[in-house]
Every structure is written in structure tokens, then in C-alpha cells.
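Feature annotations, courtesy of TrEMBL:
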type	residues	note
DOMAIN	1-117	domain 'C2'
DOMAIN	204-321	domain 'C2'
DOMAIN	355-481	domain 'C2'
TRANSMEM	565-596	transmembrane segment
TRANSMEM	672-700	transmembrane segment
Amino acid sequence: NLVGTSNADFSSGDPGMYQLDITLRRGQNLAARDRGGTSDPYVKFKLGGKEVFRSKTIHKNLNPVWEEKACILIDNPREPLYIKVFDYDFGLQDDFIGSAFLDLTSLELNRQTEVTLSLKDSHYPDHDLGTILLSVLLAPREEQREVTMLMRKSWKRSSKKNYVVLPHTPSRTGNLWHRICSPSNCVLMTLFCVLSNQNHETFQTQSLRLSDLHRKSQLWRGIVSVTLIEGRDLKAMDANGLSDPYVKFRLGHQKYKSKIVPKTLNPQWREQFDFHLYEERGGIIDITVWDKDAGKKDDFIGRCQVDLSTLSKEQTHKLEMPLEEGEGCLVLLVTLTASAAVTISDLSVNSLEDQKEREEILKRYSLMTMFHNMKDVGFLQVKVIRAEALMAADVTGKDSFSKSDPFCVVELNNDRLLTHTVYKNLNPEWNKIFTFNIKDIHSVLEVTVYDEDRDRSADFLGKVAIPLLSIQNGEQKAYVLKNKQLTGPTKGVIYLEIDVIFNAVKASVRTLMPKEQKYIEEENRLSKQLLLRNFIRMKRCVMVLINAAYYISSCFDWDSPPRSLAAFLLFLFVVWNFELYMIPLALLLLLAWNYFLIVSGKDNRQHDTVVEDMLEDEEEEDDRDDKDSEKKGFMNRLYAIQEVCVSVQNILDEVASFGERVKNTFNWTVPFLSWLAIVALSVFTIILYFIPLRYIVLVWGINKFTKKLRSPYAIDNNELLDFLSRVPSDVQVVQYHELKQDPSHSPSKRKKNNP
């Protein structure tokens, strides 16, 4: 699709830099891709093979109106801008509607142009797939090309899903492009104005400021806490006059999904989600409500938006949001709070080495402040020093895989920060310090090394997962990098020095509260090895109960007279003297016995090689699936069967994990949790010994009956299940196990670890 003739003079040499202001206005007569004769269209802009913009989805509309603005910096106008339109399908692969391209060399410079592009599909060249209407303005920029390349390299670090192009407002100086940002990895465009006015000799000095701004742009300015309370009078989408509603939230690249409440039009969720706020002026949370349908596409119920710029900070707002394009409303509690203590700095700026700052941090988390700000559990400082012998991922010249461009991502729950990239180096030195607020001492610190790639998403080089409770403060350690599944080693080591300071009382109380939910991740898929693994894990838990039953039966059969006689005398003693307090006392004695075995060097815990072998088999299957994914499109047509199998697979995982977590509590896998269990069981034993059962049941019942009256919007939780959710299952124990560095290890014999 060419746009008229142009008087633009694009030289054959260096094309310079251009700014493309583009407004996606609307679509007309788009092709229907859904069974109802409609589509849910959205648009992607691609430049040089990289996605630079993605519009919002307009549901059930063949003539959508977007009116979304974006601004793109162009360093080669001979590269056409590709426009691709898709139909969004939840749970399935999105359907392709059509594509077009805009030849930038055909545009007249400094002139607003209205463009109509006809969508085409090479497989169906004669089909009318509709049109897309754009408004474009191309203007030249005289800035140095080196600055452009530096900023482009910084953008490449983010995966394309992390890009957010925000609507912008024209300024008096005409800088319409300064609103482009990526919350996880952006460079502030306003710096470009500063750089453009400097001489080329001062470029290196100014580029240091680019690094500083890149570091600051990752840090959020506040936290938005959203509590989803309930829905009222939602639209019925099923034949029985009811719905199975769930809610999706989106703020920038951050996404959450609520649980599904079956067969109701007035669902009660009572779930809480936390978002990071990157903009001073707030943002907009997009909320959509869906009806879950097994075996087919979920039905759209309605949508609403929360404009955070209209809400005051440090205050909880109760919102009743009517649903657009549907019926009913949602009840939310929204709270905006100040920024968490997250920072990025060089090694020369160390909070814990400054005696005054260290004393302030220790005072903040001392026992004297145990009841102040219960969500602020502790302080984490991570020094990312260097890596050695990384895997080579780039091809340069005649050499094969000779270098990498590594950068490091540090994650704690939903907090995610990045280092800079060290180019063409297998032994990079970052020397950066990251600090985080700890909201849950049972969180796991994840450090991942990637290779930056200009033309596609970053390549995975290695990863380590470190539970906070296993960290030894102030010790610089070399961690062997693992593969994506954390089941085996890959090439290279990373040197970290980590310090954790936390309040034990706050951490104990937080253990009995619900875990923080992570952002929406990829949909669960059916895996033969995963299904088999979960079945074997559950079978092992059941076999423990069966073996216990056989042991008791053998006592009844007097297979071993001494053992049976001892069991008989114990039975008479316990039954004759039984009191309710003896139940937690027995569990307390079991914990103490296992602790005694560990301290005395008679630890009978064995390294779980069975689970490790199953994880490696699953990893091999994942690699085969990755290679054959394009050939297995028919799995989408078996969505109903897959959903049932995935549900069975997940239920097996939950049952097996529950049994393993109970076992690992008594095995002292996590000493902090085992000590916490000892304290709790001791308290229960004393209470049951001195207080009659009827009074305990009476207090419990009064609390249950009056809980909603005392706190109408309290989130329901089970303290015992919340406690067990912090105990790692056998699979997690294997994943968090620290590998020993083996100089003779060569990853070449395991091709599956290569990116």
C-alpha cells in the first residue's frame, strides 16, 4: 500500500533519524473470525521485525474505533512499517485477519497524511478483509546516529510483550514523542532533547546520564492495591440462566486473573492484587469480566476502567464500577500507597556499609517495631557482581557462537529489575546493587542471565533460584547457573552477595496470610510427563498411608510379638489417659524427634533423585514440544479434552504437594517454618490442656459468625493452608537446591540447555 508520491529526499548514505507520529483511527468491514459472525480485533505495528506497538482489543466489532496514538523513532525509513490485524481468542491461538505495509519513503515530510490501507492475506489474495485508517506524520531528526543505536539496543532488551505506548498530548515545543515508555525497561525520550543539543565530543559524557535514567525508569513510584470484593447482577451467559464469572486486570504490562466462581450472577471473590505504579500522574486499570466455558471460547460479560489519576493517595476508595457493553457492576477497594524501597546503584553506594543507614535499617526491623506496618517484613540487598564462562550465543564473522551480550534480571515475586548489558563478553562484570522490600520471607529470589539480541527476544543463558531463608548474609558466593526448569546445570556461574534483614515476628504473622499472587503467566498445557510425574508423586503420598495401615495391621496380627505387645500397652495407656491436648503434643514430639536426629548427625532425609529424574524427563519433552510446536496446531481443536486433562493434572499436583509439604514440615526442610510449627503446637497444647473444649469451640464459632459483621470486606483465608503454602514441595526442593561448581562439567553433552 503506497501513499501517493513524495518529495522526501532520502539519501543513499546514512538515512539519519526520523520521528513517525502515527494515530490508529479505526477499521472498516473487517473479516469475521468468530462463530458469531464477529471478531475481537487488535493491531500490531512491526518495524524491522520487531513489534513496536500493540493496540487494545475491541470486542465483538467489525468496525472498531481505536483512536490510539504512538510515536516511533526511525533510523532507516527504507524499512516499511508492517500493520497486522488479529482476532483475539482466549485460550487459543489468535486468528490472523490481514496485514498491510506502509512505505515510509512515499510519505511527504512534515505533513499530516490520512492513509487507508487494504488488508491482505497471501493465502487468500482475492478476499476482501477490510481496511485500516491511519493518520501519519513523518519528520526528520538531526541527532547523532550513535545515540539512536544506543537507545534501540536498550529497547531490544525488553520482550515485545513489555512495550506500552501511552497516549500523548502535544506540547508547545512539538515534542510529541516523549510519552513512549516501557515500565520494565525504557529510556526516557526527554533525554534525547538534551543529547541532540550537545556536540559529538560530549557524547560519551552524556551517555552516562542515559544509563542513570535507564536505571531510574525501572523503579516504580507507588503501589496500587486492588481488592476485588464481588459482582452484582452480572449478565447470564449460559443456558441455565447463570454464568461462571472471572475477572482480568491489566495495568500496562502487569496482568492478573481472579479465580472462577461457578454458577452465579452475584459472585463473591474477595481477592487482592498489587500493581506497580510507574507514572507520576497515575494510569488506567483495564478490567474485563468473562464467563468460563469448557471446551469453547469464554464469553465476554463486560468491561470497566479505573482512572488512578482521579484517586487520592494513602486512602482506601470503595468503587462500584458499572460494566460497559454488559450488565451489572463490580465492587472494588483501591488503595494507592507510596513507593516501596527498591533501588539500583553502583557498588560504591552501599546502604549496609554506611553505618548510619545500617543502624536505621536494623532499627526499622527490630522487635520494638513488630506491630508497625505489618506488610513491611524485611530488607533485601543483592549485589550482582559478575559472571564467568557464560554460554556463547551470538555468531560473529567466521567464528561460530563466539560471544554473548549478557544482562541480568533480578526478580522477587512481582518486583523485577535489570542490569545494563555488557556487550561481546562471556565474563561480564555488572557491579550493581539492588534493594527490595520483603513482603514475605518465604519468597524466592530469581536471578536470570539473558543474551541481548537486536532482531528478536533475548536468549536465555541461565538462572538461579534462591529462597530468602537459605541466604547467608554478607557472603560472596558463586552460583552455578541452571536451565529454565531449574533441574540441571547449564554453562557458567554468577557471583552474588546477598544480605537479608527481617523482623521474625512480622514474618511469622505474614506466614499465616495469603501469598502474593504472581502476574498472569502462560496457560497450563497438557504434558504427558507432567501428568505422569504428578500421578507418581500422589501415589507416593498414598503409599505412605497404606504402609502405615499395613504396619498397624501387623501389630494386630502379632507378626512380631515384642512390637505388638509394646503397641498394645501404648494403646491402653493412651486411650485410658487421652485428652485433646495430646494431639498437638504428639505432633510436637515428632518435630522434636526429627530435630534431634538432624542435630545428632542421624539425618535420614534422602536426596530425592526420583523427582529429579522425572523433572529431567519433563525437560526433554519440553524441548521436543518447542521444536514441534508449529506441527501440533491440532491441539487447539482438542481444547475440551486438554482442559479436562489439565484439570486432572493440576489436582494431582495439588494433592501431592499437600502431602509433601506436611512431610517437609516435620522433616525440618525449612527450619524457620518447623520452629514456627513448634511454637504454634506448644501454644495449642497448653490451650487444650487448661481450657475445656466447649469454650474453644464457642470462641471459634463466635469469631466465624461475627467476622463479616466486624470486617465486611475481609479476605477469607485458612491459616493452616497459608502456612503449608510456604513449605516447599519435593519438586521445589529440587529446584531450589544449590548446585556445586564442577570445573570439569561441559554442557555440550546436553544440547537441551543451549538457547
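Each residue, glycine too, has its Cβ placed from N, Cα and C.
Mean pLDDT for the domain 'C2' (1-117) in the predicted structure: 80.
Remark: secondary structure over the domain 'C2' (355-481) totals 16 helix, 64 strand, 47 coil, with classes taken from DSSP.
For the domain 'C2' (1-117), the DSSP-based tally of helix, strand and coil residues reads 3 helix, 54 strand, 60 coil. Helix first, then strand, then coil: DSSP counts for the domain 'C2' (204-321) stand at 17 helix, 55 strand, 46 coil.
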